[in-house]
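Right, one structure below, let's go through it.
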Amino acid sequence: MSQVFKVAVLPGDGIGPEVMAEALRVLDAIEKKYDVKFERTHANVGGAGIDLEGKALPETTITICKTSDAILFGSVGGPKWETLPPDEQPERGALLPLRKIFGLYANLRPAIIFPSLTGASSLKEEVIAGGFNVLVIRELTGGIYFAQPKGIEGEGRDRVGFDTMRYSVPEIERITHVAFQAARKRGKKVCSIDKANVLSSSVLWREVVTGIAKEYPDVELSHMYVDNAAMQLVRWPKQFDVILCENMFGDILSDEAAMLTGSLGMLPSASLAEGTFGMYEPSGGSAPDIAGQGIANPIAQILSMGMMLRFSFGMVDAADAIDNAVAKVLDQGCRTRDIFQEKPGEKLVNTKEMGDAIIVAL
């Protein structure tokens, strides 16, 4: 009897439904190839949730997610909902509560340049010749974004705004284990990012990470101040394998690393809880300017689905097959508009045609 996994499918807004459709077609192909069954339940989120059910994260959606093994998330947001109070807008009203409800503490964002796409990067080709593959692991639930006290006090020009940057030993330990376990399956290097020369929380961060590293003698650990890391990512990204960051530093560096690749439409992400539950989504936004035109790049959504197979369902072979199929299609010259450079051998394709090519390559 086939193994059965339950997936909550949240397409969201903008290009979300279009790219999600291609990811689900690839999932159909995986079902046939690996004799497995994915029970999919669609639910509203973001602007779609607001329009159809009155809030960005409806209770029905939460219930569906709670009865699923993983969440496959599209994208949320758009100009239509920007006039709502900030906490009710699609991004803050959906993503932050999902992270809190499901304890999603570890964000994994690969920044990959495939060898056939080095010309799309903003970096000089000699810096990234042969491509690169960096994994940024960001702690999601602690640090300056969440620690108390925070706020604005006083009146007029006497007002003061303040935030607290706080980390506990257990918070640092669990994200560090995620980084080292990931590095063991890759290039066996972890670079931990901090600002230990000025921040007390970073002093503790470095101390705890150094201690945990002793449990992984096969993995090389280095430390780097965040300002230097921002520079080194641009100077020589291939020096990195796994980059371990607290929340704010990871927020900034993961976006920087992503843009080095040339297109956010290529980059997946995973947000993991304790155990095997996770939420998987593209790193890019909802791109309302191209929604409905059938030209969006579905690769990030497809690779996010591949990360779901790898991290939540333990289907490493299937995840590798998806990664290899995407690489093969790119080597064959298939390009959506965002990565099309008009080079010899390139073929401009739409959203569905890119999905078709990846399914054939599988």
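Every residue, even glycine, has its Cβ placed from backbone N, Cα and C.
According to Swiss-Prot, the feature NAD(+) binding site maps to 78-91, 285-297. Marked as substrate binding site by Swiss-Prot on the basis of sequence analysis: Arg99, Arg109, Arg138, Asp227. Here Swiss-Prot flags Tyr145, Lys195 as site 'Important for catalysis'. Look at Swiss-Prot and you will find Asp227, Asp251, Asp255 tagged as Mg(2+) binding site.
Here the C-alpha separation of Arg109 (substrate binding site) and Ala287 (NAD(+) binding site) works out to 19 Å. Neighbour count (other Cβ atoms within 10 Å of the Cβ, all protein chains): 27 for Arg138 (substrate binding site). When the binding-site residues Gly78, Glu82, Arg99, Ala287 are ranked by how far their Cα is from the Cα of Asp251 (Mg(2+) binding site), Arg99 comes first. Sequence-distant neighbours of Pro90 (NAD(+) binding site) (same chain, 6+ apart, CB under 8 A from its CB) are Gly12, Asp13, Val45, Gly46, Gly47, Gly49, Ile50, Ala56, Val76, Gly77, Gly78, Trp81. Rounded to a whole number, the C-alpha distance linking Ala291 (NAD(+) binding site) with Tyr145 (site 'Important for catalysis') is 31 angstrom. In this structure the C-alpha atoms belonging to Ile295 (NAD(+) binding site) and Arg99 (substrate binding site) are separated by 30 Å. By the criterion of other Cβ atoms within 10 Å of the residue's own Cβ, the least surrounded of the binding-site residues Gly78, Pro86 is Pro86. Straight-line distance linking the Cα atoms of Pro86 (NAD(+) binding site) and Asp227 (substrate binding site), rounded to a whole number, equals 30 Å. Within 8 Å of the Cβ centroid of the Mg(2+) site, not counting the listed residues Asp227, Asp251, Asp255, the chain contributes Val226, Ala230, Met248, Phe249, Gly250, Ile252, Leu253, Ser254, Glu256. For Tyr145 (site 'Important for catalysis') paired with Arg99 (substrate binding site), the C-alpha to C-alpha distance reads 13 Å.
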